[in-house]
Amino acid sequence: MTHWPSPAKLNLFLYITGQRADGYHTLQTLFQFLDYGDTLHIEPRRDGEIHLLTPVNGVENEDNLIVRAAQLLMKIASESGRLPAGSGADISIEKRLPMGGGLGGGSSNAATVLVALNHLWQCGLSIDELATLGLTLGADVPVFVRGHAAFAEGVGEILTPVNPPEKWYLVAHPGVSIPTPVIFKDPQLPRNTPKRSIDTLLKCEFSNDCEVIARKRFREVDAALSWLLEYAPSRLTGTGACVFAEFDTESCARQVLEQAPEWLNAFVAKGVNLSPLHRELL
């Protein structure tokens with residue numbers, strides 16, 4: 001049995017710069033990983049079968065991103081003659097990241113499966129090839145595959161590696177799940193934030209265009225942010241529901257965590273520019 005990190009991400013900022021004819025929104029965002037997340041346990045099989053041993057409630061196995069990623073890699077590697085005969089896997093997950101939280105849990109799971117099985121099966125696909133596969137599973141998958149903090153543009157697929165400060169974060173889940181379409185379909189969502197260079201954006205105060213909608217529509221998000229903002233700069237990650245506050249030291253973050261209200265599920269983690277998944281491969 002092998003063990004693989006599937007880290008969370010934060011959007012340190014997120015600006016929506018337009019909407020394409022196909023309905024997808026264009027954006028500028030800054031991804032950074034956390035040293036906190038899910039863990040995947042993978043045991044290679046020799047009978048060509050993929051088994052997910054820990055099903056997710058309400059999600060059919062064939063719709064689960066873990067299974068879809070494994071089957072996609074199997075298909076593409078087989079078609080290009082790079083899949084050793086009988087390659088399969090038993091996969092289980094220790095889930096710590098909430099669904100609908102804006103921490104990238106499902107995308108991270110898919111990326112970990114692609115990277116881990118490519119290694120375990122010895123398929124030999126490049127990171128570029130794996131990232132291209134990942135994009136067909138979700139816009140956030142490629143950044144997890146590439147494994148480095150990045151400035152993202154387009155619909156999130158145009159990535160430029162960057163090295164923002166590795167701060168400590170108190171991340172809080174307010175107890176609601178926010179489906180991404182709920183935010184992106186809201187008529188009051190800002191959709192025309194001017195595009196700026198990465199250098200300009202890194203000098204500006206960070207914010208998230210989705211935050212005003214999440215706070216308006218979900219009182220739990222509003223309450224969580226109102227509490228965090230009493231202590232430190234805080235904002236929404238992704239389309240929510242998780243919010244985070246940033247601190248210069250772990251001790252400062254933990255002092256605030258100790259005062260968290262009982263209704264708030266929170267943890268402290270460090271921002272890291274190299275993904276824990278890729279540290280595992282070094």
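Glycine is no exception: its Cβ is also placed from the backbone N, Cα and C atoms.
These features come from Swiss-Prot:
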ACT_SITE  K9  active site
BINDING   P98, M99, G100, G101, G102, L103, G104, G105, G106, S107, S108  ATP binding site
ACT_SITE  D140  active site
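Counting every protein chain shown, 28 other Cβ atoms lie within 10 Å of the Cβ of G104 (ATP binding site). Proximity of G106 (ATP binding site) to non-local residues of its own chain (separation of 6 or more, Cβ distance below 8 Å) is seen for L65, M99, G138, given in sequence order. Those same-chain residues not listed among P98, M99, G100, G101, G102, L103, G104, G105, G106, S107, S108 yet with C-beta within 8 angstroms of the centroid of the ATP site C-beta atoms are A8, L97, G238.
Sorting the binding-site residues P98, G102 by the number of other Cβ atoms within 10 Å puts G102 first. For K9 (active site), other Cβ atoms within 10 Å of its Cβ number 27. Across the structure, P98 (ATP binding site) and K9 (active site) are spaced 12 Å apart at their Cα atoms.
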